[in-house]
């Protein structure tokens with residue numbers, strides 16, 4: 001239960017940053033926090049106390065491993081997050097080039 | 001972009017091959033040890049980023065490397081999809097592991113997985129380096 | 001050999017081959033993209049034929065059996081979505097030849113276009129929750145890039161705004177997947193459905209359903225979360241606006257919601273009346289609020305953007321009604337709105353291409369100068385308003401019938417009454433762009449390829465309207481039944497005949 005509460009708290013902190021911050025880069029950092037919290041939640045869901053890393057070697061065959069599926073999901077989610085963050089940063093850079101500012105209060109050519 | 005000091009250049013010259021080799025090792029042993037195409041690809045991309053940071057690059061050079069990177073990225077992705085489609089053609093199942101599995105824990109085992117790892121490694125190495133170029137030198141590259 | 005994986009494998013291969021072909025010739029890229037989207041159209045028709053014989057085709061990726069590996073679950077609703085996607089992709093691709101002509105780096109456009117296609121196709125046929133997330137992000141990231149394709153100040157700003165909203169939705173979806181995995185220890189949609197049926201709808205599952213509805217409402221631009229759409233869709237190049245408004249938000253928002261509510265959580269009007277009333281409420285709010293906002297827009301494409309939000313509300317109302325006619329009406333409306341709004345955005349593209357402005361005050365007198373565009377606009381608009389022989393009429397008719405059968409007479413009356421809003425905002429464009437006499441006399445006709453794409457959609461609007469009975473028997477009816485059979489979906493996935501072994 002604790003892992004849910006803390007991970008969702010981290011998620012909400014990231015959401016708070018996205019909603020209240022006015023700097024584009026800080027908004028992107030908010031997204032990084034959210035992504036981190038979800039990945040952490042995935043890794044913790046798969047965790048079992050005293051279990052081994054899920055790697056088959058000559059010594060350890062398949063027994064008493066932590067759940068490997070969330071780890072695979074985290075890897076995929078990290079790759080997707082990488083792509084999103086790269087696109088966000090590229091667009092933020094372009095916006096800076098056009099408006100000469102990262103402040104969203106000054107970036108409002110669109111009405112609503 | 002300007003290059004860095006002579007010390008950095010010398011150290012980079014020595015280290016760059018080893019780092020590249022390590023990346024290739026991670027890619028090729030993806031089915032045996034932690035790591036794989038993505039992790040190894042990131043290390044390989046790191047080599048190019050390091051070279052770029054240490055020695056700098058001209059406008060023309062950046063354009064040229066971004067074109068090369070995009071070609072390699074496409075080739076890697078195409079290889080991956082073609083491996084998946086070969087499974088469809090040979091056995092009727094997308095992503096079918098149609099090669100012999102071999103003995104576990106040996107380098108030549110696990111059927112198509114090492115080849116998928118190589119394709120991903122090429123794709124990620126080239127892709128990450130072009131992301132770096134797009135962020136670092138986007139003014140020149142995006143002009144045309 | 002089965003064709004199911006080809007739906008996303010072909011666009012993916014094309015997307016990665018285009019950067020190499022783009023070095024050779026620009027026109028070659030367009031030819032390849034158009035041919036590929038036409039092949040997808042043919043494959044989609046073949047898929048419809050397949051689902052007439054078997055109600056569910058399960059395809060195992062890498063031949064791993066369902067709860068372990070990723071499966072593709074292809075039923076009538078998926079086949080329907082694949083067909084609509086391929087129609088809009090094909091017409092948009094054909095339209096792009098001249099419209100994209102003045103942009104630099106054209107091959108990037110077609111790569112992103114094909115990636116969006118692959119992502120949408122994947123969402124429509126996947127039977128795995130995480131796989132759905134991956135395809136959703138592929139489609140979403142490509143759409144962020146395409147919205148910013150013109151790299152003007154407004155387009156970048158719209159893209160960033162869209163990206164912030166869209167990613168909040170996407171990451172909420174990922175959080176919901178994590179929580180669902182913690183409870184059910186599986187990612188297969190059918191397996192999740194089985195677990196939920198055996199445990200029952202606990203408050204935990206209701207919370208997850210709420211999070212999923214929030215995520216998909218953002219993707220579908222339903223009213224409290226619609227603010228990105230009127231900025232993002234107009235900023236994109238016209239064929240992309242047509243794709244985004246026509247089908248993209250329906251696959252990412254509406255299809256996913258319907259699939260998860262009906263087939264995975266096994267809800268229907270009998271066991272969750274409050275939830276379905278909430279869906280109706282959101283739908284009505286969208287229709288009214290966005291319809292009213294559309295009335296005082298001065299921008300051609302922005303008005304159409306608000307109109308999209310408003311029309312999505314009708315689809316949500318149809319699913320909220322929840323009986324056979326309501327759901328069939330909603331599915332019919334997906335088709336009607338895809339054709340109609342796709343067509344309207346293409347007309348906006350040819351107007352912008354020839355005049356260079358989207359301002360309704362500056363545009364005038366194009367009714368004679370660009371007659372094909374004007375008549376295409378009229379057909380699309382009349383279909384959306386709901387004039388009898390066109391497809392939009394039958395879609396609305398089924399939703400109203402469903403409301404009456406469900407005993408919601410007030411809803412039927414409101415739904416018809418709110419059509420007045422559609423009529424008035426679409427007439428506004430007709431009045432100021434095509435009817436009003438003005439000075440813009442030396443405007444040439446739209447280029448040939450653009451006219452072909454528009455006429456193609458006009459013919460489809462007419463044909464689907466005239467042949468609605470056939471459509472109902474072979475396409476819409478089976479799709480509605482696929483949704484309404486609820487948790488039986490899981491038994492079909494686990495126990496059904498599979499094409500390969």
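Heads up, the Cβ atoms here are built off N, Cα and C, so glycines get one too.
Annotation source TrEMBL lists domain 'NADH:quinone oxidoreductase/Mrp antiporter transmembrane' at C:127-422.
Sequence-distant contacts of the transmembrane segment (C:27-49), counting only residues of its own chain at least 6 positions beyond either end whose CB sits under 8 Å from a CB of the stretch, comprise 3-4, 6-7, 10-11, 14, 17-18, 21, 74, 79-80, 82-83, 85-87, 89-90, 93-94, 96-97, 106-107, 110, 113-114, 117, 121, 474-475. Summarising the annotation, TrEMBL assigns transmembrane segment to C:27-49 (among others).
Per TrEMBL, transmembrane segment is recorded for C:70-97 (among others).
Residues or ranges marked as transmembrane segment in TrEMBL: C:109-126 (among others). Listed as Cβ neighbours of the transmembrane segment (C:109-126) (distance under 8 Å, sequence separation of 6 or more from its ends, same chain) are residues 4, 7-8, 11-12, 14-16, 18-19, 22, 29-30, 32-33, 36-37, 40, 70, 72-74, 78, 81-82, 85, 89, 92-93, 96, 100, 103, 132, 134-140, 142-143, 145-146, 149, 237, 239-240, 243, 247-248, 251-252, 255-256.
Using a Cβ-Cβ cut-off under 8 Å and counting only residues 6 or more beyond its ends in the same chain, the transmembrane segment (C:163-182) has close neighbours at 129-130, 133, 136-137, 140, 143-144, 192, 204, 207-208, 211-212, 214-219, 225, 227-228. The transmembrane segment annotation in TrEMBL covers C:163-182 (among others).
Counting same-chain residues at least six beyond the ends of the transmembrane segment (C:203-223), those with a Cβ under 8 angstroms from any Cβ of the stretch are 136, 140, 165-166, 168-170, 172-173, 175-176, 179-180, 183, 196, 229, 249-250, 252-254, 256-257, 260-261, 265, 275, 282-283, 285-286, 289-290, 308-309, 312-313, 316. Residues annotated as transmembrane segment in TrEMBL: C:203-223 (among others).
Residues of the same chain lying 6 or more positions beyond the ends of the transmembrane segment (C:243-262) and with a Cβ under 8 Å from any Cβ of it are 77, 81, 84-85, 88-89, 92, 113, 116, 120, 123-124, 132, 136, 139-140, 143, 146-147, 189, 209, 212-213, 216-222, 229, 232-233, 236, 268, 275, 304-305, 308, 312, 315-316, 319, 327, 330, 334, 337-339, 341-342, 345, 483-484, 486. Annotated transmembrane segment per TrEMBL: C:243-262 (among others), in sequence order.
The list of residues near the transmembrane segment (C:274-292) in space but at least 6 beyond its ends in sequence, with Cβ under 8 angstroms from a Cβ of it, reads 209, 217, 222-224, 226, 261, 267-268, 306-307, 309-322, 408, 411, 414-415, 418, 421-422, 425. Annotation comment: TrEMBL describes C:274-292 (among others) as transmembrane segment.
Per TrEMBL, transmembrane segment is recorded for C:312-336 (among others).
Sequence-distant neighbours of the transmembrane segment (C:379-401) (same chain, 6+ residues past either end, Cβ-Cβ under 8 Å): 307, 311, 314, 317-318, 321, 325-326, 328-330, 332-333, 335-337, 339-341, 343-344, 347, 412, 415-416, 419, 422-423, 426-427, 429-430, 457-458, 461-462, 464-466, 468. Residues or ranges marked as transmembrane segment in TrEMBL: C:379-401 (among others).
The transmembrane segment annotation in TrEMBL covers C:407-427 (among others).
Same-chain residues lying 6 or more positions outside the transmembrane segment (C:448-468) and placing a CB less than 8 Å from one of its CB atoms are 87, 90-92, 94-95, 97-99, 332, 335-336, 339-340, 342-343, 346-347, 349-350, 353, 372-373, 375-376, 379-380, 383, 389-394. Residues or ranges marked as transmembrane segment in TrEMBL: C:448-468 (among others).
Using a Cβ-Cβ cut-off under 8 Å and counting only residues 6 or more beyond its ends in the same chain, the transmembrane segment (C:312-336) has close neighbours at 77, 80-81, 84, 220-223, 249-250, 253-254, 257-258, 261-262, 268-269, 276-288, 290, 383-384, 391-392, 394-403, 405-406, 408, 411, 415, 464, 468, 471-472, 476-477, 479-481, 483-484.
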